[in-house]
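What follows is a set of notes on a single structure, which appears directly below.
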Amino acid sequence: MSGSNGPTDTHTYQSLAEDCPFGSVEQPKRSTGRLVMHSMAMFGREFCYAVEAAYVTPVLLSVGLPKSLYSMVWLLSPILGFLLQPVVGSASDHCRARWGRRRPYILTLAIMMLLGMALYLNGDAVVSALVANPRQKLIWAISITMVGVVLFDFSADFIDGPIKAYLFDVCSHQDKEKGLHYHALFTGFGGALGYILGAIDWVHLDLGRLLGTEFQVMFFFSALVLILCFITHLCSIPEAPLRDAATDPPSQQDPQGSSLSASGMHEYGSIEKVKNGGADTEQPVQEWKNKKPSGQSQRTMSMKSLLRALVNMPSHYRCLCVSHLIGWTAFLSNMLFFTDFMGQIVYHGDPYGAHNSTEFLIYERGVEVGCWGLCINSVFSSVYSYFQKAMVSYIGLKGLYFMGYLLFGLGTGFIGLFPNVYSTLVLCSMFGVMSSTLYTVPFNLIAEYHREEEKEKGQEAPGGPDNQGRGKGVDCAALTCMVQLAQILVGGGLGFLVNMAGSVVVVVITASAVSLIGCCFVALFVRYVD
């Protein structure tokens, strides 16, 4: 701090997307209750995901969707997400809404999720009530259901990036780690509850008779859980709005020269001025005038500059994205086909047999048991997430990352080699280890990278090189993009492998092989901050 006759230091607290010559200020400590409230978004999201996993195939079959359109349903959403995630991530970095940068996007995507569920779970019933012509009814039912599935998948995949960026914006480094563990914990709880409710035969219960069909029952529960969870999430931690440092000079933003409050939201773009009665107020204004063009150029991000920021991201970010892609490719390869694997390989059923045949009924039984296996996965994911907090102090993030990939690779390998009912259900717990790992460790590493960069920025002279337009939203979105890319790879390539091999056992073998390759990658190429 300078004396009373010198210029006042002007501290600008900005995200990684902007020049931050004096570093960033640590956020205040958040209570466990606030972090749990923040994590409810993951509970609601995963609950709805589980309902979709249990019901989307029966819904698509019931409306008569042609097999030729199946691939379009499953590929359209991840393709859209892969293309748009970084754009929206960058837009949220520069959002100037009064109630924050991330929450407007989270609210919009939650509404889109609700609309998507309403369309794919109720579309057929609505069309049946409004359209009499059988041909038009078929066309409208298929169209509305497809739109609903794509809209829900797109929104549910998309929303993870803004939720993580919101957590990173409002929490200290220690609270980020705790928050990510709570996210994984409630992700498991939400998935388990969704799978359990999806396994109940609602048709023969009073609620099923009251609402009409099991599809309407599940929409009722899904809408209720989603609305309550996201209201809780959006009210969890106050988010400071982005101030316009390019149009509001420091003297206007804080005419009294007061520092930011402790509760305060050391927000992106805000100004702190040191209390000093003899400070020269002309100096900060002059500095603001000199920096104004730079600030404007930083906030204006074209598609070209965004792509350049992603292409030129540091190598350790790229390696983390590749490892995330490998992990999700292995995980989705197994999860998307697991119930079919249980029905065909473990139970030796026939999905193409007559619906009243013994082989088909055996297949259905295998699918039901497979759903319970996925429930075991969700429960164990929550349990493992709880113990992760203790384990990280002993084996570090590298050990957690490596162990998650290794256990999943070994577990799926044993399932493929020895397809027994009981051993398969026990080994479903390894899916939970991988799920928890994918939801926590990569984002913990992103938080570590951000903290390291902020420390380096604090040691640089003013006017040093910036991060080429990259912000926390862009980094989280780039990581989340890998989930969509993995879906594209799995949806486009795994069916081809199954057709070539003539058996779905190739699915779990592929998942095992990819995961073990990922073990080597996370050990050799991913950078870990000491």
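Glycine is no exception: its Cβ is also placed from the backbone N, Cα and C atoms.
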> Is it true that Swiss-Prot lists Gly100 and Val529 on the same side of the membrane?
Replying inline: yes
>> Need a quick answer: max count of Cβ pairs under 8 Å to the transmembrane segment (217-237), which of 69-89, 106-126, 367-387, 478-498 is it?
In response: 106-126
> Per-residue pLDDT averaged over the topological domain 'Extracellular' (340-366) comes to what?
Replying inline: 84
> Is the number of Cβ-Cβ pairs under 8 Å between the transmembrane segment (69-89) and the transmembrane segment (505-525) three or more, considering only pairs separated by 6 or more positions?
Replying inline: no
>> At a threshold of under 8 Å on Cβ distances, which of 106-126, 185-205, 319-339, 399-419, 478-498 pairs most often with the transmembrane segment (367-387)?
In response: 185-205
>> At a Cβ cut-off of 8 Å, and with pairs 6 or more apart in sequence only, do we get at least 3 pairs between the transmembrane segment (399-419) and the transmembrane segment (505-525), yes or no?
In response: yes
